[in-house]
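These features come from TrEMBL:
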type	residues	note
DOMAIN	74-194	domain 'Palmitoyltransferase DHHC'
TRANSMEM	6-27	transmembrane segment
TRANSMEM	119-139	transmembrane segment
TRANSMEM	159-179	transmembrane segment
C-alpha cells in the first residue's frame, strides 16, 4: 500500500508536469514590439543598411531593449516584423518569436520558453524521481531473478525490462536535468549558453546573472510553496529581465554608428587639448 501511494503521487506529478509542458503555448512578444504599417513600409523601401539600422533604432528607442546583434544593431525579426525583446528568439519550428526561448523540445513537441520553462524543469525532476523509484522498488525482484526465486518466465521478462528501461532513462535524464539546473543557477538559457548575449560593452555570458537565489526566483517565483507544483509563478512578463550591471539598464543601447562616430570626433579634440594642458603644466 505504501509503495502504491508513493507511486501514484509521483505518477500524477509526472503526468501533470508533462501535460503542462506540452499544452502550455509559447508566448510571442506584445503588440508594442511589432512594427506599424508605416514603419514597415519605410523600412522595406529603404535599401541602405545603415539607414535601416537608424530606422530600427528610432522605433526601438521607446522600448525596453538592452541587447544587440553581433554587429551592434537592433535585434529585428524579418519574418515576424518585430523588434525582438531581450532573450527572445525566433523558433523555425513554431514559426514565431518566443519570449525567453530556451530550445524547441521534440519530446514534448513544444517550444520551451518563458511560459513553460518552469513546467519543463519540474517535468525533468519528476521523471527522474519516477524512474528512480521504479528502479529501486523493482531491484529486489531483480535479485530474486538471479537467485532463482522467480519461477514465472513472464515475470522475469517484466522485471528485467522495467529495471533496465528505468535505469536507462534515469541516467539520460540525470545529465539533462543537471545541465538545466546549472543553467538556472547562472540565469542562462540553452541558446545563451552557446551564444552569449551582446550588451553595450560587448558579449557577456553573465549579463543576466543576479545571484543564485534571485536566479531561482526568476524561474520559480518568490512563493516557495508553489515551487514544486506546475503552476505559473515565474517573475515578470517575459519582455524585460533585470541585468547584472546597472549601467546597462540605464542605457537603452539604441545608438547608431554615426552617433558613435560623432561622439568620437567631438571627444578627440578635447582629449588633445587636455594632453597639451598636462604637458604645459609639467613643463
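A Cβ is built for glycine as well, from the same backbone N, Cα and C atoms used for every other residue.
Broken down with DSSP, the domain 'Palmitoyltransferase DHHC' (74-194) shows 70 helix, 17 strand, 34 coil. Mean pLDDT across the domain 'Palmitoyltransferase DHHC' (74-194) comes to 93 in this model.
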